[in-house]
2 protein chains.
Amino acid sequence: MAFNMVEKHSSAYSVTWGINDIIYTEKTPYQKLFIIETEEFGRALVLDDILQTTINDEFYYHEMIAHVPLFTHANPRRVLIIGGGDGGTAREVLKHKCVEQIDLVDIDERVIAVCRKYLPELACSFDNPKVNVLITDGVKYVKSQKNKYDVVIIDSTDPEPMGPAVQLYSSDFYQSVYRCLNDDGLFVAHTDSPCFSFGSDNFRDFWHRINAYFPLTKAYITCVPSYISGYWSFTLGSKRYDPIRDYRHDTSIKTRFYTSELHRACFVLPRFMQELIAKKPKE
Amino acid sequence: MAFNMVEKHSSAYSVTWGINDIIYTEKTPYQKLFIIETEEFGRALVLDDILQTTINDEFYYHEMIAHVPLFTHANPRRVLIIGGGDGGTAREVLKHKCVEQIDLVDIDERVIAVCRKYLPELACSFDNPKVNVLITDGVKYVKSQKNKYDVVIIDSTDPEPMGPAVQLYSSDFYQSVYRCLNDDGLFVAHTDSPCFSFGSDNFRDFWHRINAYFPLTKAYITCVPSYISGYWSFTLGSKRYDPIRDYRHDTSIKTRFYTSELHRACFVLPRFMQELIAKKPKE
């Protein structure tokens, strides 16, 4: 095919994906949406020119954003996913039999509809009766809820300054997340790459914003090869459970990336990340 | 500046670096050499159009290729580095006071000369009297040595089919490395990214080639953000010491990436890498 997709992260760095096909394209009220067939990672969802998830490497991301918080909570029954319109995170959460209800709040119903059609490997989760989809603004929704959820997962797009997700990384939002959690609740968000200059300040700032409300704040690291630098941070804020002290072993859940040993290991940060966290931001 | 550098890893994936300056260029008898100033990671060494090391992220790589094997050995005194012409690995090895001699074997004397001039932060190690530089073919050198080294570090370019380093990933070479090590010796090599289709077979094949000679073969994972996918594997072959059971704690050595906790954690592989290793290659 004659097309490449260029992800321009900054003037300093961009990635060019060879693509075999452009399968679908739409301008939704919120973002530009593409389904493409990448040469390296197979079919992929692209929002606002950034690759969101691919069939071949989605499990790295979805398993680590779902199983780390779910195995940290002693008995997660009600789970809230903000974003997650491709369905991959819900699919992993559903592997935990103790979960009774997943509320999935996405602002853009077109993402869900298109993923149901073109990414059924992920969007299969929407057919499960435990999954309750709400098409609304995640920020407003979270603000309207109190003491309702055991686990909240923020599975949005990146905090680009002008994108729809920027408010999902604000102090106000983290305070609302705290309030919508039960007394032993916890949440997780993906918090940028700590390696690149345009991500490391984000990582540090998000950590401190979360830590301002949660008694226990811990960052963990995994790889998402289709994301910039590969090395991707997640930050967990918890009211009671400690992901290292309290996590449950359960080998009955089938995974391709996550293991119990990796659950412990992913919280071991390299020294430069420890030092990033130790520096308080100016704000 | 009007230049970008495009790293074309395959038709499926390439990375474009914004660059502020092209500082030096030379065609050596072995490879094309550039010193450039990248916008994101500062000054960098480029060989045959692939970024080898940058001032801003070199410590991720050099600390993890040096300190993991050095801290695994009980008393490393003689160390051999194959490649390593930028000097970064030798700089990290020199932090271990027990090391009495480092033989650094690079086939291309121009890399060393140019790095001494343009990358003094790394090449400073060449001024240390413990460092003995030999300009010769690493494959031939290793074949000519017997029971001489405590630790061998393979710090070469990637195993591109036509590059000067391809023999450094062969079964014959690993057998020679085994023979040039003392009875309690160990070695480490970087063994490609396990995430991309063109790296995962390499990772598996190298692991099995090493395991054919060494009683203990263990892979570990770290991040090198300027390398493809970020997620980079290293494989350690050891005659006696186990990197988890036997490693030494020593907090007197100053690092920016490596910590003792990370030494343990980096050997915890995601399930798909365990499964890659479990599959025996056909060869």
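Cβ coordinates are placed from backbone N, Cα and C, and glycine is handled just like the others.
Features of the protein shown, as given by TrEMBL:
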{"type": "ACT_SITE", "residues": "B:ASP155", "note": "active site, proton acceptor"}
{"type": "BINDING", "residues": "B:GLN31, B:ASP106, B:ASP137, B:GLY138, B:PRO164", "note": "S-methyl-5'-thioadenosine binding site"}
{"type": "BINDING", "residues": "B:HIS62, B:ASP86, B:ASP155, B:SER156, B:THR157, B:ASP158", "note": "spermidine binding site"}
{"type": "DOMAIN", "residues": "B:3-239", "note": "domain 'PABS'"}
Mean per-residue pLDDT computed across the domain 'PABS' (B:3-239): 94
List of residues, in chain order, with Cβ under 8 A from that of the residue listed as 'active site, proton acceptor' and at least 6 apart: B:ILE65, B:ILE81, B:ILE82, B:GLY83, B:GLY84, B:THR89, B:HIS190
Rounded to the nearest Å - Cα separation of B:GLN31 (S-methyl-5'-thioadenosine binding site) and B:THR157 (spermidine binding site): 11
Number of other Cβ atoms within 10 Å of the Cβ of B:ASP158 (spermidine binding site) across all protein chains: 21
Which listed residue (B:GLN31, B:SER156, B:THR157) has most other Cβ within 10 Å, given these are binding-site residues: B:SER156
Site extent for spermidine (largest Cα pair distance over B:HIS62, B:ASP86, B:ASP155, B:SER156, B:THR157, B:ASP158, Å): 15
Using Cα positions only, nearest of the binding-site residues to B:HIS62 (spermidine binding site) (B:ASP106, B:ASP137, B:GLY138): B:ASP106
Other CB atoms within 10 A, centred on B:ASP86 (spermidine binding site): 28
Using Cα positions only, nearest of the binding-site residues to B:GLY138 (S-methyl-5'-thioadenosine binding site) (B:ASP86, B:SER156, B:ASP158): B:SER156
Distance from B:ASP106 (S-methyl-5'-thioadenosine binding site) back to B:THR157 (spermidine binding site), taken between C-alpha atoms, in Å: 11
Distance, B:ASP106 (S-methyl-5'-thioadenosine binding site) to B:SER156 (spermidine binding site) (CA atoms, angstrom): 9
Rounded Cα separation (Å) that holds between B:ASP137 (S-methyl-5'-thioadenosine binding site) and B:ASP158 (spermidine binding site): 16
Cβ atoms near B:ASP137 (S-methyl-5'-thioadenosine binding site) (within 10 Å, other residues, all chains): 15
